[in-house]
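Have a look at the structure below, then the notes.
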Amino acid sequence: MHLLPRETDKLIVTTLGTLAQRRLARGLILNRAETIALISSQLQEFIRDGRHSVAELMDLGKKMLGRRHVRKGVPESIHTIQVEGTFPDGVFLVTVDDPISSDDGDLNNAFYGSFLPIPSADVFPAAPEPADTLLGALICRKEPIKINASRRRFKLEVKNAGDRPIQVGSHYHFLETNPALIFDRLLSYGYHLDIPAGTAVRFEPGEKKTVTMVEFGGKKIFHGGSGLASGSFDENLRETKVKEMVEKGGFGHKDQEKVEEGPTTEMNREVYASMFGPTTGDKIKLADMDLWIEVEKDYTVYGEECKFGGGKVLRDGGGQASGRHEHEVLDLVITNALIVDWNGIYKADIGVKNGIIVGIGKAGNPDMMDGVTDGMIVGSSTEVIAGEKLIITAGALDVHVHYICPQLMTEALASGITTVVGGGTGPADGSNATTCTSSSFYMQNMIKATDTVPLNFGFTGKGNDSGTNALRDVIEAGACGLKVHEDWGATPEVIDRALSIADEYDVQVNLHSDTLNESGYVESTLAAIKGRTIHSYHTEGAGGGHAPDIIVVCEYENVLPSSTNPTRPYAVNTLDEHLDMLMVCHHLDKSIPEDIAFADSRIRSETVAAEDVLQDTGAISMISSDCQAMGRIGEVITRTWRTAAKMKQFRGPLEGDEPTRDNNRVKRYVAKYTINPAITHGMSHLIGQVAVGCLADLVFWTAESFGARPEMILKGGVIAWAAMGDANASIPTVQPVIGRPMWGSQPEAAALNSIVWVSQASLDKDLVKRFNIKKRAEAVKNCRAIGKKDMKWNDSMPKMTVDPETYDVHADGVLCDVPPADKLPLTKRYFVY
């Protein structure tokens, strides 16, 4: 066949498009991906027929599917579908705007060439949805926004005496505009158009207009343009140097006899949000969940927003400062981002330098803009990512990872995980069951193997040893912590020894305790811990731990509890899948009754239900995956938000929240996979939060896909993963748009933008040189002097009891119980399989 990459790429469109047709034929309504694939695939087939022009196909693409054939929110979320194909006269782009624009569409076009039966229209009843239930719905406050407030303004009369149109952007020094414009140039010295940032005014040939001018902010130092008034603003220059330059350059000028003060410019909030994203007081619905966030603060300046593009703000002499060395300016600015983090839900520009977040606030050009945050200058050395209408979170940490196969890391990155902590050496039985990289030999191999993978890695050594020699060896070989697992014997002496060594080396201990109660009950384990800090894995117990009451550790200040995601949240199918998972990952045999009893003892509906409640109250502080050993690495984030959505449904708003303002709950849940695991494992000084001084590991989401599908992953300030279209296409948005590795994922770049987390002892023994690694090696720190009180939004320590016969769980005397969910958000609406 000798196919080109662009042809094999399009086979993805055909495969999913055909699958979507089959699903539609049997009466299933389509989700977003299926809808795009079906229309794209059919367009390709019509192109292949060679009987339609580009213009005809742009119209035909609207006449396939109707609103009744797709899920709620799909029509509003698909603004454009673009494909490229080979016409008789070459390869051309077909753009279909608003492809779902009728109720019924035309299924004859949707099924053309498929030979599938066309289903009756009666199978798809139309159901229009209220606007506030749409995916990612936005509710703006009512009062207008005043831009460029408290600045001097006047009305200026302008005429285009030229023979071609002239368009002037918001932050262009109006004095410097095209010589064919005739107006009072001396009057305009130090002023720009009083219009929303990034917009423009167009002057057609011969047209006269009166526009409002507003004085520049900042230091009023001008550069660029036509060079008429370069330098600091000086009123004395208006009638001297500036006038001379205008006359010398032949710039159109006419004295304006009457000068009127201009009114303050106001913007409708919906219009503002469409341009710059939501601002203070606006509310956003997250995906299809009944979770709403309200913007708490906007650090940008109304009228001075950074906006990139043709004729917009970030140009030389406008929002981009002139004459700066690269060390004076940002490497990257993310403009108008809505940040969702444990420390707030707010709007800001994010500045990145050398892969580190160096500023969160207002970026731009302090020479000509008000409110620019120190250290956030945009210059000609600055790259831009438009954050408008996107949500940004810190990269997720999954701190319960079995390193069974390299393919896990691709799935992790694609889902929004940027840091993994765990152990293993591949699909060995020990690694299938436990997160232990057990020796110096394997530690070196795994650190080397992941040296070019665009994730931050931490490796835990095996902590199951009543002696100390092997524990010291593995920590000094690069382990950032120890894992104590019952499959290797989680006895009191083992726990005590591991914690003693951890205290000595300042690393964390992750505990999977004794389901068998072989050496004692949970009380024996707590006695062995002796009040020292420990990370309790899958604290509910289905993943392992003292049966049936390991969950009581949630009451202790020194225990940092986490959940793994197979039980997140409790659903009608949760228990039925667990037995087979347990048998496989813990090397059990269904023919041995004791193995069956062991597995059964870990599966309890009562404690799984209680886990939902304790996650929601903040008594369980973290969520991780336990990937390929019962959990799913690509669903850490998704299952966290499903839990949050379920618990709002059953428990209502948290204290301090409202039905349409869930900021406290959102901060609680985002902390579970960002800041809290970072604190637990001694990494929060560099990762786990959107904060100055932290690595720029950032995840970009649309509101309608929040928690399900990231748009882009930034790794150490470099784009490592993104939704990207056909590489041969004329523009990057041509189908198939799928998640793909970007330049930051290339091996040499990955080593530059990522960290390997190790012990300080290993650095003292020159690990980097011994292992010849390229990644930045950082020591974990402050793993031992922390406790539950340090868990952000998740520091509750209720008095816990578990009935050993009924398994009922009480926290502070209150039964922790919710029914299993039979339907959850972030499910079929978002995923093809």
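From the backbone N, Cα and C atoms, a Cβ is placed for every residue, glycine too.
Note that the coordinates shown come from a computational prediction; the quantities given were computed from them, not determined experimentally.
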Swiss-Prot has His400, His402, Lys483 down as binding Ni(2+) 1; which of Asp282, Asp612, Asp616, Asp626 does it also list for that site?
Asp626
Candidate sharing the urea site with His402, Ala433, His485, His512 (per Swiss-Prot), from Ala287, Ala610, Ala619, Ala629:
Ala629
Ni(2+) 2 binding, same site as Lys483, His512 - Swiss-Prot member from His538, His546
His538
Expressed in Å to no decimal places, the gap between the Cα atoms of His485 (urea binding site) and His538 (Ni(2+) 2 binding site) is 12
Excluding His400, His402, Lys483, Asp626 themselves, which residues in that chain have a Cβ inside 8 Å of the centre of the Cβ atoms defining the Ni(2+) 1 site?
Val401, Gly422, Gly423, Thr434, Thr435, Asn510, His512, Tyr537, Thr564, Ser624, Ser625, Cys627, Ala629, Gly631
Show which residues of the chain containing His538 (Ni(2+) 2 binding site), separated from it by at least 6 in sequence, have their CB under 8 Å from its CB.
His400, His512, Gly544, Gly545, Ser562, Ser563, Thr564, Thr567, Asp626
Mind telling me which of the binding-site residues His402, Lys483, His485, His512 has the densest Cβ neighbourhood, counting other Cβ atoms within 10 Å?
Lys483
Would you mind pulling the longest C-alpha to C-alpha span across His402, Ala433, His485, His512, Ala629, which the record has binding urea, in angstrom?
13
Per-residue Cβ crowding (10 Å cut-off), top of binding-site residues His400, Ala433, Asp626, Ala629:
His400
Mean pLDDT across the domain 'Urease' (395-833) comes out at 96
Cβ-based neighbourhood (8 Å from the centroid) of the Ni(2+) 2 site, residues Lys483, His512, His538 excluded
His400, Thr434, Thr435, Val484, His485, Asn510, Leu511, Ser513, Tyr537, Gly543, Gly544, Gly545, Asp626
Could you find out if DSSP has Asp626 (Ni(2+) 1 binding site) as helix, strand or coil?
coil
